[in-house]
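Asker: Got these off Swiss-Prot a minute ago, pasting:
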- His89: active site, proton donor (ACT_SITE)
- Trp26, Ala58, Phe59, Glu60, Val81, Val82, Ile83, Phe114: 5-amino-6-(D-ribitylamino)uracil binding site (BINDING)
- Gly86, Thr87, Arg128: (2S)-2-hydroxy-3-oxobutyl phosphate binding site (BINDING)
Amino acid sequence: MSGHGAPAPAPVDCSDLRVAVVAASWHTQVMDGLIAGAQRALADYHVAEHRLVRVPGAFELAVVADALARQHYDVVVALGVVIRGGTPHFDYVCQAVTEGLVRVALDRSLPVGFGVLTCDGDQQALDRAGLEGSKEDKGYEATSAALLTARTLKELGTTAP
């Protein structure tokens with residue numbers, strides 16, 4: 001979800017959902033904003049308790065998201081930042097993180113909020129971090145999307161294996 005045309009769903013009661021947030025540690029200022037946005041969404045959706053787990057970097061998000069999924073959480077939100085440098089490393093990390101998180105979602109039938117910023121520079125990340133003056137709040141958006149997806153799956157009678 002990005003910029004113009006993004007949905008603005010009204011928060012629904014998700015107090016019955018078990019939620020875990022896994023967050024990378026690189027780019028502290030941006031990560032603090034993403035985590036704060038996720039926590040605002042959890043409050044808006046009436047999720048009283050959640051688990052926050054920190055990992056070193058974005059690459060580690062998928063394996064920890066999978067471990068949390070196996071602990072019977074209804075929702076996992078993954079937050080991280082990858083900023084393009086001068087080597088192909090950016091492309092490999094972004095692809096691996098995306099594919100890993102999609103695998104967790106599909107293999108576990110579990111909503112995984114994708115709050116991983118893949119940016120060309122620091123300013124793009126700051127603009128999306130939900131900080132004062134930011135244009136977007138991707139931590140909030142990723143959490144909201146995952147919660148709404150979990151609610152939809154519950155309404156469909158779908159449960160994780």
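Cβ coordinates come from backbone N, Cα and C, glycine included.
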Asker: Return only the integer: C-alpha distance in Å from Phe114 (5-amino-6-(D-ribitylamino)uracil binding site) to Arg128 ((2S)-2-hydroxy-3-oxobutyl phosphate binding site).
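Answerer: So the alpha carbons of Phe114 (5-amino-6-(D-ribitylamino)uracil binding site) and Arg128 ((2S)-2-hydroxy-3-oxobutyl phosphate binding site) sit roughly 13 Å from each other.
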Asker: Given Glu60 (5-amino-6-(D-ribitylamino)uracil binding site) and Arg128 ((2S)-2-hydroxy-3-oxobutyl phosphate binding site), what distance in Å do their CA atoms have, once rounded to a whole number?
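Answerer: Checking the Cα atoms of Glu60 (5-amino-6-(D-ribitylamino)uracil binding site) and Arg128 ((2S)-2-hydroxy-3-oxobutyl phosphate binding site) gives a distance of 21 Å.
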Asker: Measuring Cα to Cα, how far is Phe59 (5-amino-6-(D-ribitylamino)uracil binding site) from His89 (active site, proton donor) in Å?
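Answerer: The Cα atom of Phe59 (5-amino-6-(D-ribitylamino)uracil binding site) is 11 Å away from the Cα atom of His89 (active site, proton donor).
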Asker: Report the largest Cα to Cα distance, in Å and rounded to a whole number, among the residues Gly86, Thr87, Arg128 that the record lists as binding (2S)-2-hydroxy-3-oxobutyl phosphate.
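Answerer: Across Gly86, Thr87, Arg128, the two farthest Cα atoms sit 23 Å apart.
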